[in-house]
Each structure stands twice: as C-alpha cells, then as structure tokens.
There are 2 protein chains.
Amino acid sequence: MVKIGILGLGTVGTGTVQILRDPVGRHHLLQSIEIQRVGVKSIDKPRAVDLPSELVTTDLDSIVSDPDIDIIVELMGGIEPARSLMLKAIAHGKHIVTANKAVIAKFGDEIFTAANQAGVYVMLEAAVGGGIPVIQPLKQSLGVNRIQRITGIINGTTNYILTRMTVEGGEFADILADAQKLGYAEADPTADVDGLDAGDKIAILASLAFGGRIKRDDVYCEGIRKISATDIAYADKLNFVIKLLAIAERVESGGVSVRVHPTFVPKDRPLATVNGVYNAILVEGEPLGQVMLFGPGAGAGATASAVVSDILAIVGVMQTNSSHEDAVNSPNTSLHPLLSCSHSHYSEMAPLSSLRSSFYVRFLCIDVPGVIGKLGTCFGEHHVSIESIVQTGFQGDRAEIVVVTHEVSEGDFESALAEIRGLDSIASIPSIVRVL
Amino acid sequence: MVKIGILGLGTVGTGTVQILRDPVGRHHLLQSIEIQRVGVKSIDKPRAVDLPSELVTTDLDSIVSDPDIDIIVELMGGIEPARSLMLKAIAHGKHIVTANKAVIAKFGDEIFTAANQAGVYVMLEAAVGGGIPVIQPLKQSLGVNRIQRITGIINGTTNYILTRMTVEGGEFADILADAQKLGYAEADPTADVDGLDAGDKIAILASLAFGGRIKRDDVYCEGIRKISATDIAYADKLNFVIKLLAIAERVESGGVSVRVHPTFVPKDRPLATVNGVYNAILVEGEPLGQVMLFGPGAGAGATASAVVSDILAIVGVMQTNSSHEDAVNSPNTSLHPLLSCSHSHYSEMAPLSSLRSSFYVRFLCIDVPGVIGKLGTCFGEHHVSIESIVQTGFQGDRAEIVVVTHEVSEGDFESALAEIRGLDSIASIPSIVRVL
Ligand SMILES: NC(=O)c1ccc[n+]([C@@H]2O[C@H](COP(=O)([O-])OP(=O)(O)OC[C@H]3O[C@@H](n4cnc5c(N)ncnc54)[C@H](OP(=O)(O)O)[C@@H]3O)[C@@H](O)[C@H]2O)c1
Ligand SMILES: NC(=O)c1ccc[n+]([C@@H]2O[C@H](COP(=O)([O-])OP(=O)(O)OC[C@H]3O[C@@H](n4cnc5c(N)ncnc54)[C@H](OP(=O)(O)O)[C@@H]3O)[C@@H](O)[C@H]2O)c1
C-alpha cells in the first residue's frame, strides 16, 4: 500500500477523501492507496466524510514527518503554513500533490529546487483548470510540440460574472454582489476579479510550456472591474464577447509574454463559447495546430478528480520496475522525466511594450466637432493605425467615442494615450480593452 | 539512446520523422531518440524527408527483429502485414507505437495479450482524435472517475461533409464528390461515411473507459449516406445540427453500449460547435462532470505529434529507475500500470434494443388526411410517445410528415416502425435520425 497524508479537509479535501474511499469502478490502482493521516485546523468541525477520529489531527507537522507516509496531499490553500509544510515534507523525502496555485506561482522555484534535490515529485494538476487535464498533457503529449501560445479562460468567478453581464446586460458591481450571495465569488473577490488568480495559473502553465521558470511579478495582471455594461454591449454589436484571458506566448522579437487581461474575443472562436464557471485552455503548437481542453474549472468533485489523478501518477511510477534503464544512457536520471519539472533557469520575459495588440478604447469627450480629428492626429503621430472611430452617442452631456485600432505596438499605443489624456476635449477614458 | 524502427513513411511517418529530426525547442527527451531503420513499400519513391539511404529498407521483417531496436512505430495502416509485423516485434521484446485504429479495434485482443505476456507497451494515442490527447488522459487523469459516457466527433471526413451540407445546404453525394476532389475524402469513402472508422475508434475508447475489451462486431455503425439536405434544414429549424456521433456509455439496465450514428445535436451543446475536420471528445464521469477535448483529428503534423508523444512516454519510463518498488506491495508489476492495458475480459454489451432514445423520422405519404391518425395510433400501441407530428409540405405528390418522439425504448420504436412500414399510406421513410 501507498500511504498518504492529507493537509486540509475542506471542499477539495473532502472530495478527495470521497474518491479514495469509494474506489470501485475507478482505476484499480486506487485500491493500493491508504489514507494515513488527515490534518485540519478545527478538530471539532462537523465533516461531510466520516473518518476514524484517530486519523484526524491538528498537528500537521507530525503528518509531514511521519515515516510511514509516502505522499503529502496539500489542500489547505494560502501561502503559510502550506509552503513550510511542503518544504518540510520534501525534506522528509515525501512526494507532494497540491492544488495550491498561489504557493506554486510564488514559491515554485524554492519548492521545485528542494524537490529535485530530494528526488521527489511535486504534482499540481488541480492547481489549474480544476478537473481539466492540462498540466499532465503539457508535460507529456503536448510537450513534443514547440508551444507557441497558451490562451486560457482559467478563472471561473470572472467568467461567471462576464457571462452574466453578457446575458443579462447588468453592471459589474451588481452581478459581483449577487455572485457573492450565490457562492460564486468570495467575500474578498480581489484575487479573482483583479486577475491575480488567473495570473498565478498562467505563470504555472507558461513555465511548463516554455521550459523555464517565470517570476510571478513579471506577469501583467489586469482584472475586470472596469468592464461596464456599455462595453459588453459594444462588443456584442461588433460581434465580440469580452473574456478575461490569460495568455502565455513566445514573442517574435524574443522572450515570452505572460499576461492576464480582459479581451474582445470574436464570437466564432472556440473560446468565445466557454461560459459560466467553465474553464478552457487553448494550446497552440508546432506541428500540432490548436487543441482546446474544456471543462469544470472548480468544484469539489472536479478538483478532487485532478488531485487523485496526481496521486495515481506517483503510485504508477512507484509500481513500475523499469527493466530497461541499461538501454538508456542516463545513469543520473531516477525521477520520471515526464512527471518531474527539471528546469531551473528563468524564461526571458518580453516587456508588454514590445507586444503588438489591437485595442478598443472608449472616450467621453467635451468638444465633439474637433475631437475626432484630434484623436486621429494623436494616434497617427504615434504610429497607431486606426480601424474605426465612431461617435456612438451621449452619456449625459459627454459625447461617447469608440476607437478600434489595428494591431499596433503596445508602446506606441501607450504614448499616444498619454498625450490624449492631456487633451482638454477628453473628459475621461472609461475603458481600454485589448482585441484578440 | 533509445533506438526506434519506423514502418511506413507516408503522411504520418514523414511527419514523425520531421519532429524527431528537429528536436530543438521540444521536450528534451526527444534528443535521446534515434531512428535506426525505416521500412517502406517502394524504395525509389521520392520522399519529403531526406534520410540516409542505408536507413530505408523494404525488408520490414528485418526491422521488427533488429536486436538494436527498442520501439517499433507502425505507420503503414491496413490490417496485414501491420498485424503480423507488430506481433513479431512484440515477440522480439519491442514496444509498439501505432496510429492504426483498424488493426487495434479488430485485433487488439491478440496484440495486447501478446504484449502483456512479453512485458512491452502498445501505445495508440494517434489512433483516435489525431493530435488531441485523449488516450493518455483516459488511462491516467480521467481514469480516477467512474466514466459514464464518451461522446465523440471522431471522424474528420464525415464532420467536414456534414458541416458543408449545413453551411451550403448541398446534398451528400455532391459534397462527397467535391471532398474527394479536395483530398478531404478518400477514393473509397466507405470506412468514413459508413461510420466504420468512427466505430473502430469508439471501440478503442470504450475499452479504455470501461476497462473491458470490446468486440468490434458488437459496435453498431450507421453512417451518413442517408442524410439529405432536407433533414439538415429541418434540424436547423428545430435548433439542432446533425453530427455523426460515436457514443460509448454505461447503460442503466446493465452493460455498455457502443455505437456510431448520425444524431440531432442541440445547437447550444459544445459538440454542436465542432465543425469541419476538427474532432472533439466529450467525457462524462463521476465526480468530474463533463470535460471536452477538441482539436485537429488528422493531418501529418497533428497525428505525428501524438505518435511522438507515445514514443516519449515509453522513453520516459525507460529512463526512470523507480527506487520505491519496495514500498509497494505488488512484486509482479513491472510495466507502468498507467501506460499498459492490463484488462483481458470483455465488457458486457447492452443490445441496442435495450437503450432509450428520441427519434426524428421523416415519412413520405400517400393518404394525407388519414395518415397522421394512423401514425399516432401505431406509435401509441407500441408505447412510443410522440413529441410532435407535423405535415411539413410536399415532395412531388407525396406529403412529407416529420415525427419527433420523446425518449422511448429502441425496441418499441423498431416494432412500431416495422408495423408502419406495412401501411399502404406510407410511401417511404427517407430518414430516421436519433436525437441527443
Ligand atoms: N474549491 C475549489 O473549487 C478549488 C479549485 C481548484 C483549486 N483549489 C485549491 O485547493 C486548495 C483548497 O481549497 P478548498 O476550497 O478545499 O479550501 P477550504 O474549503 O477552505 O479548506 C481548507 C482546509 O484546510 C484546513 N486548513 C487551512 N488552514 C489550516 C491550518 N493553518 N492548519 C490546519 N488546517 C488548515 C481547513 O481546516 P478546517 O476545516 O479545520 O477549517 C480546511 O479543512 C486551495 O489551494 C485552493 O486554491 C480549490
Ligand atoms: N493521415 C492521417 O491524417 C492519419 C490520422 C490518424 C491516423 N492515421 C493512421 O496512420 C497510419 C498511416 O497513415 P498514413 O496516412 O500515413 O498512410 P500513407 O500515407 O498511405 O502511408 C503508408 C506508408 O506505409 C508504407 N506501406 C504500406 N504498406 C506497406 C507494406 N506492405 N510494406 C512496406 N511498406 C508499406 C507505405 O510505403 P510507400 O511510401 O513506399 O508506399 C507508406 O510509406 C494509418 O493506420 C492511418 O489510419 C492517419
């Protein structure tokens, strides 16, 4: 039997225990896994699963150092004590399975370095895309491709809010409040609506896709707070939907770009049809072309499915006696090279200003007759080529003007905008959204 | 180095060689793979890849028995000599990677039995869904779920034809002819348009999902030859699109059902948006929910990506020295349990008549006034409950009547239809299509 210790018995922990204690009809290997200890904060909390009381403890340190335990499954969330417990478990030679994107995005460096030294695996399928198999395919099947770009809808809360804004025509704040009431958004929604959670996840995907670590601070994160019902309506008229996209791509001028921002997505793209709490990850590679992986991005069952699949992957390797090592000329390899993350250098990052994007910008203006000319001149002087510029109506006594640019340099666009902000006739710029 | 022998240097073989000979920027393990021999039929055919002439041979027997070769990559297609060569390679202790769904669907039994005895892997990611990772996720990540149903659009040719019929309103025969001219359909289109290729593939998926072998003859296959522009137009009016679906599911009354047939798919389902030569596989499981995998179902690059990922998976295991075997109580296991297919029993099959489905049926009738009543009576007597029955117009002097049923027993429906066929007022039944 393989013995596991679970840290955390909340939403995902409970789902994980439920799968493991009900193995019939699932992969037969599950029957060789035994839950040795489960760590929680409040021992007296009522639990949805009925575990023998001697299994449950608040002494998490004793779990990560228990000599009988082979695998530690970290499902507590948060940075500390999750990070320290994982490092301690690794020091005790235990493999790690985690759903904690925050700690991996921020301390992956430290954790993977320690794991590689100790010769243990750190598995994180559940950290991105809930039940969607994406980490494992990126490490294995898709890894034979040169990955050019990953584009993900990987935050369920924001996709739920944007979907409802699109369907109902409501405003962000109202729908967020309702989503909080319904349990689709947290009391503190910052990590979700400001794109930070998606930023954690795309940093993880980028490091797998491009084979170099990513500094979390280098990931540009822009959330959806500024998206208004007006923008959603314009997008619709122009045949787009607005999605919070997380993008990791190789940039032609060198380096990789990793970023999160709301985006106009043409309605006929597969990603445009991903609605509600569903997630999707589009992987583009050579020679593969485009593959999209779609499914539930969160929830007890889906996330637990990913957690248990990681446990299974480790158990699978533990049960394999490779009789072929001698055929392979790599005496030092002992971890399975498709499960471990062996890279230790950092990917070179391309600054945002080196990218090319199309933009949708909405202006509120004072002096209508002159302003279209001034906008045109300003953009032109900064080499920002415009696809359309339309006065779309009035908001009170302000004229509303919507500009859509061709693909232009982000740097040029920024400098044009800096100048435009100084124009007397521009009252405000309520929204700037990139266009896919 | 791991040495491979490739049988076949056509579309997929060429794509495979191209990836292997250009490893930079791909998974680093590719650099430990060496092409030892390549077998072809005509040695003098010009090739898109420039291989040293001493590598290429028409003596395929010498490849599968070459003691230096670790992995045989079968990319010839067809049943023989592919089957015999694979068996011979297995007998020589070589692992197999194949894209050949036909031989696996029909002789998988023999091939896997031989492989398990010899302690070698038979990998077949490329056999289903081209470049979409589906076989490996089913064996690994998704395998912790109880799989309830797999629904696939897994034949590119028929999806291309149906998509064009939907977009252009054309007839099957014309679009097939054009597809043949454009290279999207073969000169002999039988395997594709009669659903046999999809049948091979769903048999393979079903055996992985339900952990029991599937007799290819037990897979019900109905193709798209009878689908007319009229049916496509009715489907559209009713808010459906017609897709050739391959379905494998556990049936409540016991056993599994594996089948291929054209199906009315509601336009708001993810599968309805899968168009052209793209493939998609929807996996439903407990507790996961629904996951959909989408991508190019064929083509040199995509299929070769899957072939090379299988080679990589084997090389990965060959390079792993598991130091944990002793922790695991299974002394006999030596193949990696997530790569091998160890089941040897057959799944119990549920007969078609035990299923429940909704149907769309189009009748051409002689005696209009009386016929609607007669149809209603006949269906009613056989417990076939009707959702709608509409006289939709005339085809020449025949009145056209379209019936949509509720979910009914396939057996009841068949017996109702047998009686209806005998009615004098029914001239013909041009189409019967299941509704999802
Ligand atoms: N929920 C999802 O759908 C989802 C999806 C993908 C990934 N994830 C990730 O999965 C992880 C767990 O999420 P969750 O939703 O299951 O969280 P949760 O419901 O809040 O559960 C957290 C569990 O950890 C325990 N815990 C927290 N801090 C602890 C401490 N200092 N000492 C001991 N025990 C402690 C809690 O104990 P008590 O029960 O005693 O309070 C609780 O059982 C997070 O990293 C999250 O990002 C979640
Ligand atoms: N094409 C796709 O997009 C695709 C997608 C998924 C799966 N597949 C599967 O991949 C396999 C290969 O397909 P393909 O399209 O690459 O086929 P292909 O282009 O027809 O190539 C077949 C190759 O096998 C060789 N060959 C055939 N019979 C042989 C024999 N008796 N002895 C020696 N060599 C023989 C041929 O040699 P010569 O070149 O000398 O004639 C040719 O190089 C098939 O199983 C197919 O179902 C194909």
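Cβ coordinates are placed from backbone N, Cα and C, and glycine is handled just like the others.
Taken from TrEMBL as is:
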- B:Leu7, B:Gly8, B:Leu9, B:Gly10, B:Thr11, B:Val12, B:Gly13, B:Thr14: NADP(+) binding site (BINDING)
- B:Lys101: NADPH binding site (BINDING)
- B:Glu186: L-homoserine binding site (BINDING)
- B:Lys201: active site, proton donor (ACT_SITE)
- B:360-434: domain 'ACT' (DOMAIN)
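The record gives B:Leu7, B:Gly8, B:Leu9, B:Gly10, B:Thr11, B:Val12, B:Gly13, B:Thr14 for NADP(+). Within 8 Å of the mean position of their Cβ atoms, the other Cβ atoms in that chain belong to B:Ile6, B:Gly15, B:Thr16, B:Leu75, B:Met76.
Taking H, G and I as helix, E and B as strand and the rest as coil, DSSP gives the domain 'ACT' (B:360-434) the counts 26 helix, 35 strand, 14 coil. Summed and averaged per residue, pLDDT over the domain 'ACT' (B:360-434) gives 93. Residues distinguished by a CB atom under 6 angstroms from ligand 2 are absent from the recorded positions B:Thr14, B:Glu186, B:Lys201. Counting neighbouring Cβ atoms within 10 Å of each of the binding-site residues (B:Leu9, B:Val12), the lowest count belongs to B:Leu9.
Cα spacing between B:Thr11 (NADP(+) binding site) and the residue listed as 'L-homoserine binding site': 14 Å, rounded to the nearest whole number. If you measure from the Cα atom of B:Leu9 (NADP(+) binding site) to that of B:Lys101 (NADPH binding site), you get 17 Å. Fewest other C-beta atoms within 10 angstroms, among the binding-site residues B:Gly10, B:Gly13, are seen around B:Gly10.
Annotation: B:Lys201 carries the greatest number of neighbouring Cβ atoms among the recorded positions B:Lys101, B:Lys201 [cut-off 10 Å, Cβ to Cβ]. Sequence-distant neighbours of B:Leu7 (NADP(+) binding site) (same chain, 6+ residues apart, CB-CB distance under 8 A): B:Gly13, B:Val38, B:Gly39, B:Leu60, B:Ile63, B:Val64, B:Ile72, B:Val73, B:Glu74, B:Leu75, B:Met76, B:Ala82, B:Leu85.
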